[in-house]
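Notes to accompany the following structure.
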Amino acid sequence: MQHTRGAGPVTTATPARPGRPDQPRRPDADPSPWRGLARKLGRLIDTPQTDYKVLLGITLVLTAVGLTMVLSSSMVTSLEGGAGVWQEFIKQGRLVVVGLVGMWAAMRVRPSFFRRLGPWLMVLSFVLLVAVLIPGVGVGGEEVGTNAWIRIGPVGIQPSEIAKIGLAVWGSNEVTRRVRATPNARSFGPFTLAAGAVFALCVIQGDLGMMMAISVVVVAIYYFGGVDRRLLGVVVGGIAVLGAAVIGLASYRGKRIETWRETLTLNFHEGTTQGAAYQSRQGILSLSDGSMFGQGLGQSRAKWFYLPEAKNDFIFAVLGEELGWLGALLVVFLFAGLTWFGIRVALAQSDPYLRMLAATVTVGITVQAFYNMSYVLGLVPMTGIQLPLISAGGTSAVITLSSLGILLNCARHEPATISSMQHEGRPLIDRLFLLPEPRPAEPGRERRERTRARPAQYGEPVTRRRTTQPPAAGRATPPRRTPPRPTTRRPGRP
C-alpha cells in the first residue's frame, strides 16, 4: 500500500495489477463464484427445450436402473423356479419395450387427441374393473389377498392402473371444460361420480395400495381445478374415512398399523419379527448393510429369501444394499427432478387442460414413488404399491411409461419449445425416432367449437347485427365522410 499525505485526509492508493490496466470493479460484479455458477445454471435451465430433454433423460435413466435392479433382485427366485437367471429380466424387458412404444406413440400425437381418448379410457377401465369381480376371471386373491388382476395368457393386467391414468386424462378435460363454463362446485359433479365408482370397485377388490394411488390423482385434480378449500378438505376426509374402513374390514390390514409403529420406533417384539413386521425389519437391515457405497451390484444377501417381495414392493431396499446410500439418494434426486420439471412443464402451458394434465400425471407418479420409498424406510404404513419404473410389474411399467409420454408431449408443446423447434430444428433424438415437429394449438378452431357447443346468452353481437341488418325505416344512413387530401405546393409557385 502507498499512503499519500496532503492537505486533506490520508488516502490509500491501490496499485495496479501487474500486466493489467487498473480497472475499477463493476458494482454489479459478484465476488462469489458459486453465485455466478448458479446464475449460469439458471440461465441454462430457462432455455427452451430444457424441460423436455431433462424429463426424457430422467425417464430413460430410471428405466435403465429399474431393469438392472429387476435382474439383480430376481436371480434367486428365477433359479428356484427351474429357469435361468434371465427369466424375470426378459419378461420385464418385453413389457418395458411395450411401455416405450406407448410413450413414443403418446409423444407423436397432437394434444387434442388426449381429449378424445379420455372417455374411451374410462369405459375400458370400468369394463375391466367389473370383469375382475367375475368368478374365474379375477386372479390374485390367494397370492396377495386381492382380486385385482386379469390374466391373459402369461400376462397379468391390473385394471386399476388403467383407471388411474383414465381418471387423469378424462378428469382433467372434464373439470377444466366445466369450470371454464360454470366456475362452481357443480363443475366437479361428473368427475366426483366417476371417481366414487372407481373407489367402490377398488374397495370390493380389496386393493388398498391402488386406492391410495388413485386418491392422489383425484385430490390433485380437485386441487389444480381450483376447488374451494373446504370442499377439498371434505374430499380428503372422506378418502381417509374410507381407507380406515377398508383397513378395519380385514384383520391383516389392521396389523400393518402396529407393524408401522414398531418399525418407526425400531422396537420389534419377538413375536412380530417373524410375523407381520418381518418384511419391514429385513428391509431396514438391507439398507443398513449397504452403508455409503453398497455391497456391489448383484451382491445383495437379502434377496436370498430373507426379504419377501425383493423384486416388487421392497426393491428399493435391495437397491440401497447393493448401490449404497449414494445410489439410493440418486434415485430420490431423480424422482425429485421429475417432480420439479414436471411442474415447470405444467406452469408453462397456455392451455388449461394441458396444464392440469401435466401436473396431475407428475403428482400421480412421484407421490407414489416417494410413498413406496418411505414405507421401505419405515416412515409410513405399508400399502403394497410399487416403485414406478423400478419395481417388477407389467401393467405398472406400461402405464407409467405411457403416462410419461403424455407428460413429454406436454413438454414438447410448451410455447417456447414450439418456437425453438420451428426455428432451430428438432433435437437429434426426435429426428431419430421420427417425432413430428410440434405445432401450436389452433385457437380459431377451439373458439368455433366452444361457440357451437354453448350458444350466446344475449343474442347476436351488436357488431355483427350492424353489418347484417338493414337500417331502421325513416332513418337515412349518414353519408361516409372522406378526409380531405393534404395538398403540397411546389416552391416558387404562389
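The backbone N, Cα and C atoms fix where each Cβ goes, and this holds for glycine too.
The compositional bias 'Basic and acidic residues' annotation in TrEMBL covers 19-29 (among others).
Positions annotated as compositional bias 'Basic and acidic residues' by TrEMBL: 439-449 (among others).
What TrEMBL lists as compositional bias 'Low complexity' is 468-479.
Taken from TrEMBL, the feature region 'Disordered' covers 1-34 (among others).
Feature annotation from TrEMBL assigns region 'Disordered' to 434-494 (among others).
Same-chain residues lying 6 or more positions outside the transmembrane segment (54-77) and placing a CB less than 8 Å from one of its CB atoms are 85-89, 92-93, 96, 100, 103, 297-298, 300, 303-305, 310-311, 315, 318-319, 322, 331, 334-335, 337-338, 341-342, 345, 388-392, 397, 401, 404, 407-408, 411, 429. For 54-77 (among others), the entry in TrEMBL reads transmembrane segment.
Under 8 Å from some Cβ of the transmembrane segment (119-139) lie the Cβ atoms of residues 147-151, 156-157, 159-160, 162-163, 165-167, 169-170, 194, 197-198, 201-202, 204-205, all in the same chain and six or more residues away from its ends. TrEMBL lists 119-139 (among others) with the feature transmembrane segment.
Taken from TrEMBL, the feature transmembrane segment applies to 191-224 (among others). Cβ atoms under 8 Å from those of the transmembrane segment (191-224) belong to residues 122, 125-126, 129-130, 132-133, 138, 145-148, 158, 160-161, 163-164, 167-168, 170-172, 174-175, 231-232, 235-236, 239, 242-243, 246-247, 250, 253, 346, 355-356, 359-360, 363-364, 367-368, 371, 383-385 of the same chain, restricted to positions at least 6 beyond its ends.
Feature annotation from TrEMBL assigns transmembrane segment to 231-252 (among others).
What TrEMBL lists as transmembrane segment is 323-341 (among others).
Within the chain carrying the transmembrane segment (353-373), a Cβ under 8 angstroms from the stretch's Cβ atoms is held by residues 111, 114-115, 164-165, 168-169, 171-173, 175-177, 212-213, 216-217, 220-221, 224-225, 313, 316, 328, 331-332, 335-336, 338-339, 342-343, 345-347, 380, 383, 385-388, 391, 400, 403-404, 406-407, 410-411, 413, all 6 or more beyond its ends. Positions annotated as transmembrane segment by TrEMBL: 353-373 (among others).
As annotated by TrEMBL, transmembrane segment applies to 385-411 (among others).
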